[in-house]
Structures are given as structure tokens and as C-alpha cells.
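Positions annotated as substrate binding site by Swiss-Prot, on the basis of similarity to another entry: R95, R105, R133, D223. Residues annotated as Mg(2+) binding site in Swiss-Prot, with similarity to another entry given as evidence: D223, D247, D251. If you look up Swiss-Prot, you'll see G281, S282, A283, P284, D285, I286, A287, G288, Q289, N290, K291, A292, N293 marked as NAD(+) binding site, on the strength of similarity to another entry. Here Swiss-Prot flags Y140, K191 as site 'Important for catalysis'.
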Amino acid sequence: MTKHIAILRGDGIGPEIVAETVRVLDKLIEQGLDAGYEYAPLGGEAYDEYGHPYPEFTQNLCRKADAVLLGAVGSPQYDNLDRPLRPERGLLAIRKDLNLFANLRPAVLYPELANASTLKPEIVAGLDILIVRELTGDIYFGEPRGIRVLENGEREGYNTMKYSESEIRRIAHVAFQSAQKRSKKVCSVGKANVLETTELWREIFEEIGKEYPDVELSHMYVDNAAMQLVRAPKQFDVIATGNIFGDILSDEASMLTGSLGMLPSASLDENGKGLYEPSHGSAPDIAGQNKANPLATILSLAMLLRYSLNDEA
């Protein structure tokens, strides 16, 4: 049965790196991969065409597709738009719409890039970490949120950090199952000493961990985890954490490899459908110059084949 891929070029270097990746996809289809694809806009490209970063046309295509491949979103020209209309909101919206709750971010050091890392080679040689980040909850989506004026006339910004038990359970299973295919270690990262949200996170990880006796579970406060990633990163196998902490730690871990531009990522739902994109941004400063490296997007295609199409091509 033919699988359908929605391809979102996005902004900045997105169209360039996607074009090179589609060349690879076309070759695989020529060689027998039973898949087809269709393009749709997201982010700034979508705003220019439809007035919204995640328009109905794109929603319908992505909902029907078996997997989604994205270039990148974001450009300074949209920074003055109302927040709900900015390109990045399109990315948040598609994750929420498709219920893509599990973000897998590998941080692997290729031997050829050992000297590009800012850490000593002996610290990072052989590095292979997987960060499993929960994507649909936490402070990015918690309500209430906003900016209000207090009685004394001072403005106050406020957000809500929260996680439900079911949200934590499903990301815990992803983390433990990922570890079973690797070195069988999960480090749960939070701030349970001051945040009740991550106190519950820790309790549930302990509970779920009993279902995976072959996997070693440890816990670490996020500030210590950020330090340990620089001090001794090879102690980690799978790091499991919430949305905001994962956002920060995954970028930190990626730079240990010498180049953010070489790493793919996957965001999955409970059935294996996913959004696949490079870990780097839209790099508008080099857009249109044909010098953006497409490798991270090509590797994202490889993850798409593995996780959503069950094909190791």
C-alpha cells in the first residue's frame, strides 16, 4: 500500500535543503519504495499565501499523510506579526494538531567532526545520546497564560507549567522502549526539588520503570544535567525530560557534536506517525546562496522511513 508523505519546505534555507532531500526520496521511489508525496506551506511561506502559519490546506494534507517532512520555519521579517501568526506558531500548531508528543533528538559525534566540538576529543569521542522530549504539554501550552496589568499599574507576564499523569506515562514508555534498543539507561531530568510538576514526573517514571527491569533508571535536576552534559556527556544514554527543559538540553547536546547542522529529529504520535525535520533552524542569513548543508534533512528522511514507513532504505 502506497504511503503518503506531506512535504513542508518552510522558510529560509528550508526550500533548498528540502529540494536536495527530495532528490534522495525520488531515487528511493525509483528503486522500489512504495511512497508518494505532496507539498504544502508552513510558517512564513504559509502566512504569505494564506494569512496563517498553519492553514487549513496544510492541516488537511498533514492529517491524511503517513508522515511529514519539514525543512525549517522562521524569518526575521515576521517578527513583528501578532504572536499567533508568527511562523514558529505554525510549528507548535502542527505538533499539537497531530498529537506529536514525543520528540527524539539524537546527538551523535561523527569522527570527522571530533575537532569541531568545543570540548576535548577525549570527552566527546564516541558520543551517542538520545534526548526524548515531551512536546505537547508543559509551560509552552499550559493555561492560563498572558500579560496582565496589576492593580498598581505594573505589567506582569505569567505562564502555567503542568503535566497530566497520562502525558507523563506515554512519554515514559517511549523513553524506556528507546533505551531497550540502545545501552539500556534512562536519565529522567526535571526540577522535583522545587516544581510539583516534575515531582509527579519523577514518581511516574519510577512506576513505569518497574515494567522495564532491564533498563537502569536515574534522576537528575536540570541544572546539574546541563552541567554534566558539558563535564561528562558520555555518561548519558537516553535523557527523558519535559518540553521546556528538553528544548534547552537538546540544543546544548547537539553542539557537543560539533555542528547542529548535521543532526536530524523526529516527533511522533502514539501510532508511529511523525514529523521529521533537521535540528537546525532556517538560517535566513544564508538562504538562497546554495551553501546550506542538507545532510540533517536527509537523515531526517532516513528517520521517517524507519519510524513511520517501517523501511530501512
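A Cβ is built for glycine as well, from the same backbone N, Cα and C atoms used for every other residue.
Features as recorded by Swiss-Prot, highlighted on the structure.
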residue	record	Cβ within 10 Å
R95	substrate binding site	20
R105	substrate binding site	23
K191	site 'Important for catalysis'	19
D223	substrate binding site	11
D247	Mg(2+) binding site	17
G281	NAD(+) binding site	18
A283	NAD(+) binding site	21
D285	NAD(+) binding site	9
Q289	NAD(+) binding site	10
K291	NAD(+) binding site	10
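For R133 (substrate binding site), the count of additional Cβ atoms within 10 Å of its Cβ stands at 27 [all protein chains shown]. Annotated pair G281 (NAD(+) binding site) and Y140 (site 'Important for catalysis'), C-alpha to C-alpha distance, rounded: 19 Å. Residue density at D251 (Mg(2+) binding site): 16 other Cβ atoms are found within 10 A of its Cβ, drawing on all protein chains shown. Secondary structure from DSSP puts K291 (NAD(+) binding site) in coil. Cα-Cα distance from D247 (Mg(2+) binding site) to A283 (NAD(+) binding site): 18 Å (rounded to the nearest whole number). On a Cα basis, D251 (Mg(2+) binding site) lies 22 Å away from K291 (NAD(+) binding site).
DSSP assigns R133 (substrate binding site) to a strand segment in the three-state reduction. Considering only the recorded positions R105, R133, Y140, D223, the residue whose Cα is spatially closest to the Cα of Q289 (NAD(+) binding site) is R105. Taking only the Cα positions, the spacing between N293 (NAD(+) binding site) and D251 (Mg(2+) binding site) is 18 angstrom. Residue density at Y140 (site 'Important for catalysis'): 17 other Cβ atoms are found within 10 A of its Cβ, drawing on all protein chains shown. According to DSSP, K191 (site 'Important for catalysis') sits in a coil region rather than a helix or strand. Here the C-alpha separation of Y140 (site 'Important for catalysis') and R95 (substrate binding site) works out to 12 Å.
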